[in-house]
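Annotation source TrEMBL lists transmembrane segment at C:21-43, C:63-82, C:94-111, C:117-138, C:147-165, C:197-215, C:245-265, C:271-290, C:297-321, C:327-345.
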Amino acid sequence: MDGTQAIILTIITASTPLLLAAIGELVVERSGVLNLGVEGMMVMGAVCGFATAYTTGSPTLGIFAGIMAGIGMAFIFAFMTQTLVSNQVATGLALTLLGLGLSGLIGESFVGLPGVKLVPVSIPLLSDIPFIGRILFGQDILVYASIALVIATTYVLFKTRVGLIIRAVGDNHHSAHSLGYNVIMVRYACILFGGACAGLSGAYLSLAYTPQWIENMTAGRGWIALALVVFATWLPKRLAIGAYLFGTVWIMGLYVQAQGLGIPSQFLSSLPYLVTIIALVIISGNKTLTRVNTPACIGQSFVPDR
Amino acid sequence: MKKWLGFAAAVAMSFAITSASAADKLKVGFIYVGPIGDHGWSYQHEQGRLAIDAALGDQVETSYIEKVDEGPDAERAIERLARQGANLIFTTSFGFMEPTLKVAKRFPDVKFEHATGYKRADNVSTYSSRFYEGRYIIGQIAARMSKSGVAGYIGSFPIPEVVRGINSFMLGAQSVNPDFKLKIVWVNSWFDPGKEADAAKVLIGQGADIITQHTDSTAPLQIAGENGVYGFGQASDMIAFAPNSQLTAIVDDWSSYYVNRTKAALDGTWESTDTWGGINDKMVGMAPFTNMPDDVKAEAGKTTAKIISGRFHPFQGPIFKQDGTEAAKEGEIISDGELLGMNWYVKGIDDQLPQ
Amino acid sequence: MRLILEKRSEHSEFMTLMSPLLAIFLTVVTGAIIFALQGLNPLEALYVYFIEPVTSMWSIEEVLVKAAPLILIGAGLSICYMANVWNIGAEGQLTMGAAFGSIVPIFFTSWQSPLTLVAMLVCGAIGGAAFAAIPAFLKNRFNANEILTSLMLVYIAQLILDWLVRGPWRDPKGYNFPQSIPFEGWQLLPTLGDGRVHIGIILAIVAVIILSILMSRTLKGFEIMVIGNSPRAGRFSGFSRKKTVWFCLLLSGGLAGLAGIGEVAGPSGQLQPSISPGYGFTAIIVAFLGRLNPIGVFFAGIMLAITYIGGEGAQVVLGVSDKTAQVFQGILLFFILACDTLILYRIKLLGPVTPQQAAAE
């Protein structure tokens with residue numbers, strides 16, 4: 001395989017789980033909710049996806065199970081924060097704690113077993129085109145799903161009534177409520193969508209990225225997804241750019257190391273985070289842009305007055 | 001009030017039962033740095049604990065605490081085992097060295113075993129494995145099997161243990177192909193399957209057709225398998241993850257050591273020692289040689305036998321450091337002390353060791 | 001049937017007291033079920049978790065050792081969150097505090113004076129505060145979101161520490177293993193008694209007292225409260241949002257840094273790559289469990305420490321894995337958070353909504 005092509009393929013696989021989890025969280029935050037439990041939902045998606053695929057032999061069922069696990073975790077969060085109006089930051093952190101523990105328990109008997117790999121689709125003819133063929137037409141289905149999700153989310157959020165409602169709820173829940181929208185229900189739906197995406201992202205890790213189950217295998221990717229949402233100033237397009245930028249810097253760090261230049265590996269490992277901060281500073285400098293897109297009600301609980 | 005008394009009585013009773021049955025058994029405790037589900041370092045130590053249960057289950061009682069951070073929590077976890085009556089405690093990571101010694105001072109009657117450290121006391125032994133022996137063998141196999149003459153090496157952290165492994169691998173490879181090249185990536189983690197996989201892909205993309213790793217997960221080997229290049233298992237036999245790619249695996253085998261030390265504690269012959277065991281002591285195992293032609297297999301078998309018999313040592317001179325200075329003269333073997341703190345590369349490695 | 005919340009006109013004093021008890025009761029019941037399902041004696045398991053940690057002097061001391069950094073960091077964070085400043089990078093500030101504070105023992109090895117320790121603590125606090133100053137500056141100057149910047153800086157801080165202890169600050173006598181030189185007696189925090197409890201817990205208590213006076217008695221506290229509740233109202237009162245951001249981040253960063261050097265000069269005794277089992281993140285939970293009130297943080301820190309110690313004991317006594325402890329802890333947190341709702345709201349169960357009712361809503 002050609003070196004450059006290999007690097008690009010690696011960047012795509014490294015970026016996809018981040019993008020999948022982040023796009024869900026973006027919708028959640030657009031509706032005015034901050035769910036810091038992405039890591040917990042993701043790791044549950046990973047273990048349930050793996051366990052199901054291993055038991056049934058079907059990666060498709062595994063993906064489905066991963067999504068359902070994410071939704072299940074998200075439901076706990078939604079019930080806590082929307083129905084019982086508990087604090088979102090603390091609930092999200094508790095969700096991560098629960099997810100990491102529970103996934104370990106579920107996965108105890110699946111450690112050390114080779115998984116069922118999600119086979120990349122390979123579109124005939126097109127995937128044989130030199131260089132770009134493999135990159136554009138030979139990915140696994142979830143890579144395409146992540147791109148489709150970005151496009152669909154952009155469309156729904158900004159071109160449809162549903163999107164208008166979600167943004168209205170996130171920007172000012174009181175006026176959305178007085179306009180007759182059910183703020184709580186909209187947020188429930190968005191939180192569950194976020195859970196589904198995080199679960200899918202987890203399933204991607206345990207089915208496609210490294211087909212196996214290991215405790216804590218998400219290794220902090222949920223947190224990076226959270227950061228990317230803020231970095232993207234809540235715009236799906238920018239989120240995709242951000243995820244791929246992060247993936248690129250991440251992989252290039254490894255690439256440069258293999259060249260043996262003697263740059264401290266800690267410095268290269270910290271580059272993706274530094275770059276994210278710098279990029280954020282540049283974007284944030286443009287004040288009108290950020291202010292327009294920031295959901296004003298983020299993190300605030302809503303209880304309808306009656 | 002009555003209810004609470006009942007509660008207390010039930011609790012007291014349940015304790016009485018457990019302690020009565022356990023009173024005359026030797027208690028053996030383990031401290032793990034990772035989750036036992038890591039399928040790597042801590043997992044292998046857990047296998048060792050289970051081996052004690054299997055061999056001496058009627059005379060000993062074992063327990064463990066997993067995911068013990070190497071920071072401020074370690075001392076407490078170790079002390080807890082000691083306070084709960086453990087007679088023999090294995091602390092299975094380098095970072096537990098100081099806490100083990102501190103607790104050992106407070107519990108002179110409890111016996112401690114610290115893995116991979118270098119500080120001992122009257123009731124603290126140290127033990128480690130000569131994994132580098134296995135690394136030499138896989139280096140030799142790698143050079144035989146590689147077409148491009150380039151191997152990719154995924155390292156966790158540049159500590160002496162890992163550097164020693166890299167050097168030994170390279171010496172093994174150079175014994176076959178003096179121009180063998182090594183590309184090294186440090187992932188700054190013992191345990192991040194995703195990042196290990198990324199590193200493997202990057203290395204393959206840069207022309208490595210052999211992947212080996214000194215990190216804990218099966219991910220790099222899996223990636224090797226997916227890309228049709230060869231790889232090696234680490235810590236355990238990982239053939240199930242890459243049936244067509246694993247050439248062999250370096251297996252951490254703590255069972256015999258753990259069982260022997262527990263027996264020694266049982267019959268009163270335990271004393272503080274330093275054990276650094278290799279293939280000969282069954283502390284390092286080699287998984288079956290697979291996916292290679294018979295002559296390579298035979299050569300690997302011969303090297304293994306030579307190491308077992310002591311006729312050959314991987315760090316037997318002449319060995320030159322990266323800068324060209326001589327590290328060991330013809331026939332001279334690098335001392336264990338030097339090996340323990342090894343922080344230089346052998347000649348032929350292009351990478352610069354992070355200082 | 002559905003659940004409806006009705007806002008109480010004022011905090012329910014009764015529920016303020018009852019809520020934690022109710023939460024613990026629910027956790028005990030759920031916990032008992034979980035343990036029974038795993039084939040354990042539920043009574044024994046609950047005893048190990050909640051009671052055993054406070055039955056012996058040793059484990060009480062260990063609870064205090066564990067709680068000290070949680071309280072120290074959590075108290076600072078509670079002020080931050082009160083002001084709507086979202087510092088979630090306390091772990092990074094802790095790490096940099098530990099590194100900065102260690103400059104004294106690593107570079108001035110022979111300076112033996114009662115002031116050595118003071119200098120270390122001051123440097124630790126400065127290191128933490130300086131690292132927290134980065135998100136503060138980026139927030140005020142570029143409007144960069146502090147959640148993101150402070151979180152990213154955690155990773156960077158850990159990599160910096162990693163580089164230091166593996167490279168320039170490595171103990172020359174340590175066989176190239178990643179650790180600094182071991183600190184000497186006068187460079188270590190004095191212990192209270194013979195155990196491991198060090199003056200960190202006293203620092204934590206002092207911090208709690210000062211911060212609760214700050215919040216309840218001073219203009220600064222009032223300012224933080226006003227700005228946190230409504231930035232607009234704050235502006236009208238002439239309070240500076242920017243100054244509050246600086247104040248809160250420097251304060252919480254400084255306390256996190258203090259906790260960091262406290263861990264290094266206390267239980268650890270030397271600088272190493274891993275200096276905290278996630279105290280900076282756990283402290284976020286502590287801050288919220290304590291309802292963003294420094295005194296509440298004190299009790300929340302103690303409680304969380306107890307479940308940690310209990311969970312560790314459970315591994316040994318019951319042979320359950322660490323995962324069970326983690327799940328149990330997660331459930332406890334959920335119940336506490338859910339029960340807190342009762343303080344502000346009344347819960348009503350309504351029957352099925354009739355069309356008339358729906359129309360009336």
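Cβ coordinates come from backbone N, Cα and C, glycine included.
Residues 5-8, 11-12, 15-16, 18-20, 22-24, 26-27, 30-31, 34, 49, 285, 288-289, 291, 304, 307-308, 311 of the same chain sit 6 or more residues outside the transmembrane segment (C:327-345) yet have a Cβ under 8 Å from a Cβ within it. For the transmembrane segment (C:147-165), the partner stretch with the highest count of Cβ pairs under 8 angstroms, out of C:94-111, C:117-138, C:245-265, is C:94-111. Only sequence-distant pairs (6 or more apart) were considered; of these, fewer than three Cβ pairs between the transmembrane segment (C:297-321) and the transmembrane segment (C:94-111) are under 8 A, so the stretches are not in contact. Same-chain residues lying 6+ beyond the ends of the transmembrane segment (C:94-111) with a Cβ under 8 Å from its Cβ atoms: 69, 73, 119-121, 123-128, 130-131, 154, 157-158, 160-161, 164, 169, 180-181, 183-184, 187, 253-254, 256-261, 263-265, 271, 275-276, 279-280. Counting only same-chain residues 6+ beyond the ends of the transmembrane segment (C:245-265), those with a CB under 8 A from a CB of the stretch are 68-69, 72-73, 75-77, 79-80, 83, 85, 87, 90-91, 93-102, 105, 117, 120-121, 123-133, 135-136, 139-140, 146, 183, 187-189, 198, 200, 203, 207, 220, 224, 271, 275-276, 279-280, 283. Long-range contacts of the transmembrane segment (C:117-138) within the same chain, counting only residues at least 6 positions beyond its ends with a Cβ under 8 Å from a Cβ of the stretch, are 87, 89, 92-94, 96-105, 144, 146, 149-150, 153, 157, 186-190, 203, 245-246, 249-262, 265.
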